[in-house]
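According to Swiss-Prot, the protein has these features:
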type     : residues : note
TRANSMEM : 13-33    : transmembrane segment
TRANSMEM : 36-56    : transmembrane segment
TRANSMEM : 59-79    : transmembrane segment
TRANSMEM : 95-115   : transmembrane segment
TRANSMEM : 125-145  : transmembrane segment
TRANSMEM : 154-174  : transmembrane segment
TRANSMEM : 179-199  : transmembrane segment
TRANSMEM : 213-233  : transmembrane segment
TRANSMEM : 259-279  : transmembrane segment
TRANSMEM : 287-307  : transmembrane segment
TRANSMEM : 328-348  : transmembrane segment
TRANSMEM : 363-383  : transmembrane segment
Amino acid sequence: MTNIIRQFLRQEAAGGIILIVAAIIALIMANTPAQGIYHAFLNLPVMVKVSSLEIAKPLLLWINDGLMAIFFLVVGLEVKRELMQGSLAGRDKAVFPAIAALGGMLAPALIYLMFNGADEVTRQGWAIPAATDIAFALGVMALLGNRVPTSLKVFLLALAIIDDLGVIVIIALFYTHEVSMAALGVAAASIAVLAFMNWRGVGKTSLYMIVGLVLWVAILKSGVHATLAGVIIGFMIPLNVKKGPSPSETLEHELHPWVAFLILPLFAFANAGVSLQGVSLSGLTSLLPVGIAAGLFIGKPLGIFTFSLLAVKLGIARLPEGIGFKQVFAVSVLCGIGFTMSIFIASLAFGDADVVLSTYSRLGILIGSTTAAVVGYGLLRMSLPRVR
């Protein structure tokens with residue numbers, strides 16, 4: 001395993017633990033007298049004005065639209081690296097986690113729709129349980145230390161990266177509403193400039209960031225979710241240049257600690273603070289939270305494990321070396337930790353306008369993700385040999 005992947009896994013695992021702490025603090029603040037401070041912080045008005053261009057949003061939306069674009073930039077860099085020279089490079093390496101990820105997105109969505117398909121409003125949240133929080137999942141896996149084989153860590157990493165790619169496609173296709181053609185035109189021109197820079201082998205990441213900022217503003221104004229700008233920029237930055245170190249790997253190395261230790265924990269803090277005031281047992285057992293929790297805890301392992309088993313039995317793919325189906329099942333349960341990614345999709349599906357839907361969708365995510373984390377940890381602990 002390369003040094004960059006080792007470092008990635010260490011940072012994701014440590015970041016996952018900080019993420020959990022941030023979410024717990026948010027839940028405590030949202031349900032104590034500190035809730036006033038918590039909500040005042042999230043609603044803090046922030047305005048950026050350059051000439052006639054003005055963007056004014058509360059801090060919560062700057063976190064969700066701005067900082068999360070940086071997260072998706074790192075995702076774009078990771079996916080490109082893994083596709084070209086990492087754990088997804090070549091058909092043999094990519095097929096098994098790709099098929100597993102496909103099952104892990106289809107089954108949770110179908111289970112969610114079994115509960116919510118008849119309701120026109122809640123049906124929009126079908127993609128909520130399709131996501132996996134890689135930082136949280138790796139954080140739980142890290143609790144078992146060196147008992148976890150490298151091949152299993154790389155499998156989870158590859159699976160989660162493909163899952164992220166699927167989520168990006170879902171956001172672009174299904175969670176984009178009113179579109180401004182003028183802003184899309186500026187976005188298209190920005191992408192063309194980035195593509196030309198990549199083709200010419202421009203290695204200065206600062207130039208990509210300048211054009212990328214224009215792209216982010218254009219996509220934000222277009223009605224398409226602004227985080228997609230991050231993915232596009234990540235794919236456009238070259239992995240290799242004729243002289244000097246890799247621009248893509250250098251930028252990923254610089255940004256990853258900020259994402260793991262600041263951006264994702266801040267996102268969790270800003271979005272996990274669900275007030276339990278007014279929450280009832282009947283509401284908690286209603287179709288929305290039950291569908292989300294079932295999609296995460298039942299749908300994820302069902303889809304990942306079934307598709308993995310079929311792929312191997314049909315000869316389409318083979319198990320990675322050093323991994324058995326017991327470990328695959330344990331990892332498939334861990335992938336039911338949707339947390340930040342599921343909360344992100346819930347915010348796109350329901351927004352913050354409907355407090356009831358927002359509250360119960362987040363509670364469903366927290367229940368499903370927590371159950372998946374506890375059970376997944378237990379199964380993984382039982383399936384791995386003890387290190388003496």
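Counting starts with 1 at the first residue shown.
Glycine too: its Cβ is placed from the backbone N, Cα and C atoms.
Note that this is a predicted model, so its numbers are computed, not measured.
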Residue list, the transmembrane segment (59-79) vs rest of chain: Cβ under 8 Å, 6 or more residues beyond ends.
8, 41-46, 88, 161, 164-165, 168, 212, 216, 220, 225-235, 237, 248-249, 251-252, 255-256, 258-259, 263-264, 266-267, 270-271, 344, 347, 352
At a Cβ cut-off of 8 Å, and with pairs 6 or more apart in sequence only, do we get at least 3 pairs between the transmembrane segment (125-145) and the transmembrane segment (363-383), yes or no?
yes
Under an 8 Å Cβ to Cβ limit, what residues of the same chain, 6 or more beyond the ends of the transmembrane segment (259-279), are close to it?
11-12, 14-15, 18-19, 21-23, 25-27, 29-31, 35, 38, 42, 59-60, 63-64, 67-68, 70-71, 74, 135, 339-340, 343-344, 347, 359-360, 362-363, 366
Outside the transmembrane segment (213-233), six or more residues from its ends: residues with CB under 8 Å to it:
53, 55, 65-66, 68-76, 168, 171-172, 175-180, 183-184, 186-187, 190-191, 194, 348
Go through the chain and flag residues at least 6 beyond the ends of the transmembrane segment (179-199) whose CB is under 8 A from any CB in it; none is fine as an answer.
207-208, 211-212, 214-215, 218-219, 221-224, 229, 232-233, 236-238
Are the transmembrane segment (36-56) and the transmembrane segment (328-348) near each other by the rule of at least 3 C-beta pairs under 8 angstroms (pairs 6 or more apart)?
no
